[in-house]
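Only one structure is covered here, and it is reproduced in the block below.
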Amino acid sequence: MSSSGGVARRGRPGPWPPAPPPQPQAQPLSWAKRTGFQSRVSGESVAIASASNSGQVSLPRPAEAPSSDLESGPQARPNSALPPPPAAATVGNAEQKPQPPPPPARTRRRDSDGGRPNGQPAPAPLPQLLEEEDDAPERPAHVKYELRDSPGVFPIAVYGFQHYISMLGSIILIPLVMVPAMGGSPDDMAAVVSTVLLVSGMTTLLHTFCGTRLPLVQGPSFVYLAPALAIINSPEFFGLNNNNFKHIMKHLQGAIIIGGAFQVLLGYTGLMSLFLRLINPVVVSPTVAAVGLSFFSYGFSKVGSCIEMGILQLLMVVLFALYLRKIKLFGYRVFLIYAVPLALGITWAVAFVLTATGVYSYKGCDANIPHSNNVSAYCRKHVLRMRSCRVDTSHALRSSPWLRFPYPLQWGTPIFSWKMGLVMCFVSIIASVDSVGSYHASSLFVATRPPTAGVVSRGIGVEGVSTILAGVWGTGVGSATITENVHTIAVTKMGSRRAVGFGAIVLILLSFVGKVGAFIASIPDVLVAALLCFMWAMLCALGLSNLRYSAKGSSRNSIVVGLALFLSLSVPSYFQQYGLHPSANSSVPTYFQPYIVASHGPIHTGSSGVNYILNTLLSLNMVIAFLVALVLDNTVPGGRQERGLYVWSDAEAARRESAVMKDYELPFKIGQAFKWVKCIGL
């Protein structure tokens with residue numbers, strides 16, 4: 001009667017019987033079609049119940065998201081609103097029908113909670129990384145082989161090789177920047193490259209077995225590059241003439257070992273589990289982005305030494321990575337996966353042809369005369385340009401032996417300096433923050449659930465051990481999880497740790513072939529600089545992509561991230577330019593000027609060691625970004641949804657799920673002997 005009475009009171013009678021009112025189902029959002037999201041009105045209670053049983057925190061219902069005000073705090077509860085008019089309430093109650101039960105959840109692990117953003121089993125996922133295919137925009141991204149999958153011997157070999165080739169630039173380019181800055185010869189560079197391949201393979205296997213057990217490649221990290229350059233350009237190393245490479249390398253080894261030992265304590269004492277409460281996407285995003293932005297003074301300044309080859313290299317890698325990224329050959333996106341090696345190979349071949357045909361010639365200038373002794377101004381400029389453009393300037397490939405065995409302490413006994421060691425200790429914290437973001441993002445692709453806080457702490461401890469190994473062998477920088485891992489997993493769709501382990505074994509074998517390291521060491525400097533421009537830009541983008549876990553429309557987050565990024569450029573610029581005269585330190589190239597701040601910084605106390613530490617740390621972009629974002633994000637009020645807090649799996653709930661245990665527990669039941677140690681995870 002109430003429904004018919006309601007129709008009779010309408011101003012204009014409609015058709016009989018009256019059309020049912022529209023269902024109270026939210027319209028698809030702009031990203032719903034792209035992610036394949038289908039609304040399930042009656043499934044929220046089931047999802048929320050499962051979340052409470054597993055120790056996860058669920059997001060609010062998506063239907064309430066458009067009307068929520070992120071700036072005014074959490075929404076009021078539904079029962080606190082004013083009741084509807086009696087007639088309208090009666091009509092709504094009479095016409096509402098019970099919804100059918102939701103369909104059973106799929107049992108495949110790639111559709112489990114780990115595939116949803118931030119690890120939260122909310123009924124409506126937030127936007128996530130999608131497959132870049134125009135023909136299937138409604139299917140969310142997933143991997144072909146997940147964490148514990150074993151596709152077979154041949155696929156493991158193919159995918160393992162593909163995984164490492166796609167990350168080639170991140171593994172080999174750092175020694176090509178550091179060794180020349182230390183005054184090393186091409187033979188020294190070849191030896192360091194071989195050492196990097198060996199240590200990267202060993203530490204990747206160590207992390208796969210004893211760390212988080214996620215398919216993450218370990219290697220030289222760009223986080224350690226800026227502080228290493230600052231140590232290389234320390235005042236005590238000015239004026240060195242003989243064996244300056246080995247002398248500086250031994251100081252770097254000592255600092256790296258101290259930083260690695262501090263990271264071991266941070267992980268295995270459980271301090272990292274407590275520190276995780278302060279690390280959120282709003283902190284990780286500007287910190288990682290600042291790592292890429294910090295090298296802007298090096299990038300194009302070095303490319304300009306041979307502008308045509310540098311521009312060609314940069315255009316080729318952009319062409320393959322962006323314009324041709326959707327083209328498939330044999331079912332693979334060859335151009336996207338192999339953008340860096342393809343662009344390098346083509347540009348290197350062009351430079352070889354120009355060198356062989358005489359286009360790049362010295363034109364009567366003697367290349368063996370030192371630059372300072374050359375009386376001709378034309379020859380001074382021309383010889384420097386030809387050394388950047390020609391491909392035969394490095395004799396490492398001819399002089400290098402076929403077999404080389406990198407061994408510990410090959411550069412000599414490390415020299416320990418407390419001021420350099422404390423700088424590396426603080427840098428190891430930032431490397432841990434970078435790794436935390438990689439752990440969480442990669443686990444959403446390949447694992448059942450995100451790792452527990454104990455597993456994260458265990459992974460940081462293993463990274464500390466890896467950094468100690470890098471210091472003992474002498475790679476020049478610490479070892480950490482390479483940030484490009486997440487991008488590589490998303491592109492190659494390969495998340496099997498067996499394939500990553502196979503690739504690590506291949507790296508170890510290649511490190512024993514001396515010609516491989518020499519071949520990499522012979523890459524022209526200008527091509528290295530052009531590739532680094534792309535790699536650092538991608539590193540910055542990967543850092544900012546962590547914001548997808550937070551409320552991107554929040555002015556709070558925008559101000560925090562923007563202020564952290566701006567101050568990360570402005571404050572170090574003040575330290576780097578303070579007291580610096582244009583005629584001073586002329587022996588240091590202009591692109592290394594930002595790293596000599598320890599000799600002229602604004603902080604002057606009674607202790608030269610304190611001056612060194614503070615001036616060096618505050619001149620690093622990533623340090624300023626980290627400190628600003630850490631303080632603001634943890635003091636400015638904001639809700640959990642707005643901040644996008646990382647949600648880690650609960651340890652007790654994870655132990656009740658066999659799939660999670662198989663993902664993260666230590667192999668061979670090693671963890672059974674360490675159950676009493678809560679900080680090593682499962």
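Glycine too: its Cβ is placed from the backbone N, Cα and C atoms.
Noted in TrEMBL for the protein shown:
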type	residues	note
COMPBIAS	14-25	compositional bias 'Pro residues'
REGION	1-130	region 'Disordered'
TRANSMEM	189-210	transmembrane segment
TRANSMEM	222-240	transmembrane segment
TRANSMEM	252-271	transmembrane segment
TRANSMEM	278-301	transmembrane segment
TRANSMEM	307-324	transmembrane segment
TRANSMEM	336-362	transmembrane segment
TRANSMEM	415-433	transmembrane segment
TRANSMEM	499-520	transmembrane segment
TRANSMEM	526-547	transmembrane segment
TRANSMEM	559-575	transmembrane segment
TRANSMEM	612-632	transmembrane segment
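Segment contact holds for the transmembrane segment (499-520) and the transmembrane segment (189-210), given three or more CB pairs below 8 angstroms at sequence separation of 6 or more. Through the fold, the transmembrane segment (222-240) approaches residues 170, 174, 177-178, 181-183, 247-248, 251-252, 255-256, 291-292, 294-295, 420, 423-424, 427, 430-431, 434, 476-478, 480, 483, 535-536, 539, 585, 587-588, 592, 595-599, 612, 616, 619-622 of its own chain, all at least 6 residues removed from its boundaries and within a Cβ separation under 8 Å. Between the transmembrane segment (278-301) and the transmembrane segment (415-433), three or more CB pairs separated by 6 or more residues in sequence fall under 8 Å, so the two stretches touch.
With pairs at least 6 apart in sequence, the transmembrane segment (252-271) and the transmembrane segment (307-324) have fewer than 3 Cβ pairs within the 8 Å limit; the two do not touch. Contact between the transmembrane segment (612-632) and the transmembrane segment (336-362) is absent: fewer than three CB pairs lie under 8 Å, with pairs separated by 6 or more positions in sequence. The highest tally of CB pairs under 8 A with the transmembrane segment (336-362), across 252-271, 415-433, 526-547, is held by 526-547.
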